Amino acid sequence: MLLSMHGICKSFNGIPALRSASLEVGEAEVMALVGQNGAGKSTLIKILTGAYRRDEGSIAFAGEDVSFNMPAESQARGIATIYQEINLAPQRSVAENIYLSREPRRFGLIDRRAMREGAVAVLRTFNLEIDVDQPVAHFSAATRQMVAIARAVTQKARLVIMDEPTSSLDEREVAILFETIRTLKRAGVSVVFIGHRLDELYRICDSVTIMRDGKTVATGAMAEMPKLALVRHMLGKELAAFEAIAKDADEGAQRPVRLSVENAGAGVRVRNVSLTVREGEISGLAGLLGSGRTETANLIFGADRLERGEIRYKGQARSYRRPAEAIADGIGLVSEDRKVDGIIPDMSIRENMTLALLPKLARSGIVDRARQDEIVARYIAALGIKCTSPDQPIKELSGGNQQKVLLGRWLCTDPKLLIVDEPTRGIDIGAKAEILRLLRRLADEGLGVLMISSELEELLAAADRVTVLSDGTSVAVLPRRELSEAALFAAMAHQVE
Amino acid sequence: MNAFRNTFALKSSGDMARLGVILALAGLILFGALRYENFLSQYNILSFLRYNSMFALIALGMAFVIMTGGIDLSVGGTAAMASVVAALLSPYHWAAGLFGGIAAGLAVGALNGFTVTVMRIQPFIATLATMLAAYGTALLLAGNQSVSVSYDSGFTAIGQDDFLGFPIPAWIALLVYFAGWLVLERLPVGRHVLAIGDGEATAALMGLKVRRTLAAVYTGSGALAGLAGVILASQFGAGQPTEGVGWELFAIASVVVGGTLLTGGSGSVGATLAGALLLAMVFNILNFENGLGWISLSAYWQSVIRGGFLLVVVVLQARLMSRGASEGRV
């Protein structure tokens, strides 16, 4: 065993986060660490790396009892962590980021040539040829991740911890990452892979450790752990997550079309997109990263200008110049990146939810607090938002509940068309199902929903019809009855070859 | 534009801004040289360098602090206090005055570093407090008046004499700037300063010694303010407890004009020097303009003009940077 953690307990302000958790990783083993949000995965990792101190328990690494006081100490011993939000210094060059804190030196000064050559050499082992003098901010998420891994490799890491490494990668980039993991494994390095996407876990991991409520509830070889059992361990209950809640598009064929996009195009990212959203329908929009999904949403919403084709909303041709015009027309957009575009972390649930509504709530410039309270209370109840009070800062909520507040923000403006971009990103499985059910209920009440998603299970479960984009072009429209993983894959692979 | 960028090996948007300040400086010098007869006279150049060296020193310390994403408001007060300490110690030996003044500044800087890193107080607040305390200490030590330095110990040579035909303060500034460049560009700690400015939490996760580096940066800024105070006392023959007001703003302006982002994570030693010289040059040119006798600008008007000039430079830079950013993106 390279690493064995046993009986780890940790409380924050008297609230237990870990209750006798354990984790064992062998040499050159790729270990999946799974669990719902709040199961204690990241707390366990932070205790291992020395970012937190444990209350109880033992940690042995490479045959010795260890207790790290800060990340620098665990790094020095060969534990490297690649965090979800890829921790690199964005304005520093690739080479510097790989060598920060261990710069090669010559006569006491940084040996820039050795640094550059070393960086090029280590990146080449991962088949990556880039200008290592460029700031890392200039590169894509996948490349930044490779840089972070290269950093780990040059640190002579024996254990690399990856926290949701695929969350911002497209399929092709995931394949590159997995090849990198296999390279690490061949070099005798062990990997702890924290992830939500089951298919990926089965593709790359040797074993799995499942956590729930601060405890390790199951471990075993990945091949001997059926998907259903894994999910059951995670949720601690029968799988209710991905019950099919979609309806056959034919059922709604008589319903009026709320939005139709015909041969729309703008710039190079959106070439020729056609799609329809009917009243009371969840229309899915699928495609690999970079296929133009988000850009299409921005066109509809007026964040970008339409250059070619036509967008018809409620039967009338529309070309919004600003999102404000789309909003006034009853269109809402829940954007992909909650943390950047959506929530204002330090503000309360009340304020976050009524942000878009404030102009309407104000009477002669002063917010009508009574109406605000009433609306907020109604949506907290209707969406099942778990919180201590409407005054709780939104940053204290889980990802799923934050997403519900954002949904609430648009719902209280009474939209007729809601575009949701990756509505369940970074949310645990239980909350995902809840969000999907919520969207279905809203559709049943007459809302038209356009759901952009990279998660096939999600589209399969919830979408009444899926439009597939490839390279900025809509290449297929799959009605419910033709919808299957194979069909989606086939459509997405179109033109990618 | 791209060919131009390549010629000068301009990689980042920050480089564009740094280029801007150097062009602006060259433009001002050209303007002055063409317009005023004695602008490039040996006398003007030497006294310009002699007087402005202390501001350049303070700007360098400030540049490092700002690169970490912090700010040091205490440099003016620290310089005033150090000038008094240096004046009081100057009768014993010129070195006592020199190193005593530096030590006084270093102490204030170390206190700033301690409050910012260990006590986790916002740099703005922490250094505001030490600024007030430093002015108070200066006045207390000086007995509420300026303190004459000793003219016998050789202390005044530091600020007033030349070495190889070049003012000693300018030599000091030149050496310190070279050291600063070496630290920033060629020593790990300099790169760590920038990485910390890029994101403190990230830097800590990458295993950098964040607190130690930050403490060193504030201590260094204090020491440089102390050195500036020594030069002040030596040059004007007295410790000046009421001098230094607004020096921190001059230093911040120099750093910003030098293309260093106030948010940290980017910066250049050379461009900071150019920024400090640029702001000083505006002042120098205004003096010449008064000397021509066609118009007479009061000190107030000079301030307004300097402020306006600063605004123009910063706006130009913002435009250069956004253009650099959009072209540099791959």
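Glycine is no exception: its Cβ is also placed from the backbone N, Cα and C atoms.
Features of the protein shown, as given by TrEMBL:
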TRANSMEM  B:16-36  transmembrane segment
TRANSMEM  B:48-71  transmembrane segment
TRANSMEM  B:91-111  transmembrane segment
TRANSMEM  B:123-143  transmembrane segment
TRANSMEM  B:163-184  transmembrane segment
TRANSMEM  B:215-238  transmembrane segment
TRANSMEM  B:244-262  transmembrane segment
TRANSMEM  B:269-288  transmembrane segment
TRANSMEM  B:300-320  transmembrane segment
- Is the transmembrane segment (B:269-288) packed against any residues at least 6 beyond its ends, judged by a Cβ distance under 8 Å, and which are they? 17-18, 21-22, 24-25, 28-29, 31-32, 35-36, 38-39, 44, 48, 51-52, 55-56, 59-60, 63, 177, 180-181, 184-185, 250-251, 253-260, 297, 302, 305-306, 309-310, 313
- Of the listed stretches B:16-36, B:48-71, B:123-143, which one has the most C-beta pairs under 8 A with the transmembrane segment (B:215-238)? B:48-71
- For the transmembrane segment (B:300-320), out of B:16-36, B:48-71, B:123-143, B:163-184, most C-beta pairs under 8 A are with B:16-36
- Report, as numbers and ranges, which residues of the same chain sit near the transmembrane segment (B:48-71): CB under 8 Å and 6 or more residues beyond its ends. 79, 109, 116, 123-124, 127, 159-160, 166-167, 169-170, 172-173, 176-177, 180, 184, 193-194, 196-197, 200, 213-214, 217-218, 220-225, 227-229, 231-232, 235, 247-248, 250-252, 254-256, 258, 260-267, 269, 272-273, 275-277, 279-281, 284
